[in-house]
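Database features, via TrEMBL:
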TRANSMEM  A:18-41  transmembrane segment
TRANSMEM  A:53-72  transmembrane segment
TRANSMEM  A:106-129  transmembrane segment
TRANSMEM  A:136-166  transmembrane segment
TRANSMEM  A:172-190  transmembrane segment
TRANSMEM  A:202-219  transmembrane segment
TRANSMEM  A:225-246  transmembrane segment
Amino acid sequence: MAIVQKAFLRNMSYRFEIWLRLIGNISVVFIQISIWSALLGTGAIEGIDLSTMITYSIISTSVSMILMYQMIHTIDGKLKNGDIAMDLLKPISFPILMFFDQVGNICFQVLCTLVPTIVISSLLFGLTFPHEWTTLLLFFIAILFAVLISFFISYLIALISFWFLTTFALEWMFTALITVFSGSFLPLWFFSKEWRGVAEMLPFQFLGFIPAAIFMETIEGMEVLWVLVKGVLWIITLWIIVQLLWRRAIRRLVLQGG
Amino acid sequence: MIRVDEITREYRQWKRYAGLMGSIRGLFSREYTTINAVNQVSFTIDQGEAVGYIGPNGAGKSTMIKMLTGILVPTAGELTVNNLIPHMNRKEIAKHIGIVFGQRSQLWWDLPVSDSFELHKRIYHVSDEAYRKNMDIFMELLNLKAFISQPVRQLSLGQRMRAEIGLALLHDPEIIFLDEPTIGLDVVAKDSIRSFLKYINKERNATIFLTSHDLKDIEEICPRLLIVNQGKLIFDGAVRDFKANISSGKLLTIEFQFDPGTLEFEDAILIADEGARKMYKIEKGLSFINTFIGRISEKYIITDFSLQDYDIEQVIRMYYQGLESESDLQGDLSKVVS
């Protein structure tokens with residue numbers, strides 16, 4: 001869609017930022033790998049060795065790059081300065097507008113930071129690729145889920161800000177939850193049994209751990225299927241919640257300024 | 001076309017308390033005061049009319065536009081645009097209206113102007129033919145061709161505003177809402193915008209609903225005038241009538257060498273008194289003014305005096321002040337107005 005293209009182009013207009021992001025991402029991968037190599041050395045904990053963790057770090061960092069958290073700030077900003085009125089006055093649904101705007105951002109991220117990050121860090125640190133093409137297919141489905149779930153969660157946070165007119169505290173809380181339960185910081189393998197149970201109940205694992213684990217073929221067969229079903233259920237649940245809240249938010253809308 | 005019937009919109013303002021203890025109290029307090037931004041306003045506007053909607057800051061002008069465009073729900077009353085209730089049919093109505101907010105932008109900040117137009121074309125499903133036709137007109141009349149390929153952030157305010165207006169009209173809307181479209185612009189830019197809006201109103205029979213603080217905008221574009229103050233509609237009629245009624249009088253400003261104190265006369269109403277400088281409103285003809293000045297100069301030393309017609313801006317200013325201070329002027333002017 002046209003919105004995707006424009007959002008993509010908008011990002012392109014800041015060349016300097018592209019370079020900064022690239023350097024930033026590789027630094028994150030580098031830091032994670034340094035920590036893991038210090039912890040694991042040449043040995044392994046619970047069957048996880050360094051090369052596994054390198055792949056995990058690269059993939060989960062890459063996945064987190066293409067999620068739609070940015071949208072919280074976009075909507076929050078529009079709400080604070082009243083620009084949301086301009087978007088509501090278009091004959092197109094606001095969530096759809098935002099979604100495709102974000103897709104444009106993602107396309108940009110994939111092309112300008114994700115691909116270079118993966119290429120450079122796999123050259124620097126080595127990346128273990130999956131053995132079967134079906135894994136790649138499943139991986140892409142998992143990525144799609146991650147994108148959708150991140151969209152809904154971000155949208156949910158933004159919607160709640162319709163009531164409080166600020167998102168900061170809420171976003172802080174969700175960032176913490178996502179950091180821990182998505183497994184992007186510490187893979188769910190290392191969680192204790194109880195905590196792992198909690199993490200598996202929550203949607204956050206789809207935002208980092210699941211795509212990476214599928215890519216590395218640590219989840220296989222029927223287990224993958226079950227995980228994907230859970231993902232679909234989460235997407236539907238979040239979608240319904242967002243729909244309901246959106247209707248109520250519109251009703252409540254008191255625009256700032258003017 | 002547009003029908004507004006006894007519309008009221010309230011805002012709640014949460015009570016805030018001063019000081020540190022006050023701000024802590026504010027965390028728990030749920031007290032609020034209700035403010036009527038729009039108070040039982042009624043009017044109808046037909047297709048092809050151009051209406052100026054004016055009032056001082058905080059009179060509820062933007063609130064009215066927000067309700068008419070469906071992004072704000074009225075507290076009470078009925079309101080229809082094209083026989084639809086705006087806030088229930090927001091997307092449907094959006095196809096038929098164009099909106100320009102002087103203080104907001106629909107353009108994509110980082111991209112060239114042309115990109116915003118292309119995106120708009122897609123969002124509003126404008127046909128290639130209509131798009132080309134409109135773009136030709138805008139390029140010419142709004143002189144968009146001078147800056148169409150520049151990023152929006154590099155445009156001057158005047159250029160940006162012309163682009164905004166073109167963008168709002170791309171899908172041939174039947175109704176155009178403009179909220180202070182000439183705010184902060186220079187005379188040349190204002191002129192080009194005014195003549196363009198007049199052209200659109202005539203050629204396309206588009207309804208124009210315009211708010212502005214610059215009454216020249218209204219005088220040039222809109223034959224009809226609505227005045228609001230503190231949420232209430234206080235005048236609805238032709239701009240011509242409004243002016244005709246009040247322009248029979250003249251304003252006489254006299255500067256004395258020394259402050260003569262309060263000077264009141266029959267047939268000359270003191271409307272501004274700054275001590276040595278006084279302003280009178282006189283309804284009678286020139287010969288009366290001659291003898292009036294003669295009479296005063298016998299008693300006091302006059303250093304200077306000037307005589308002027310009302311312009312609409314002055315009258316409205318007096319009108320607002322009158323309403324606020326409840327002075328004698330109020331009764332006097334509302335007689336003139338009604």
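Backbone N, Cα and C define each Cβ position, glycine as well.
Across the candidate stretches A:53-72, A:136-166, A:172-190, A:202-219, A:225-246, the maximum count of CB pairs under 8 A to the transmembrane segment (A:18-41) is reached by A:53-72. In this chain, the transmembrane segment (A:53-72) lies in contact with the transmembrane segment (A:172-190); the count of Cβ pairs under 8 Å, excluding pairs fewer than 6 apart in sequence, is at least 3. In this chain, the transmembrane segment (A:225-246) lies apart from the transmembrane segment (A:106-129): fewer than three C-beta pairs between them fall below 8 angstroms, excluding pairs fewer than 6 positions apart.
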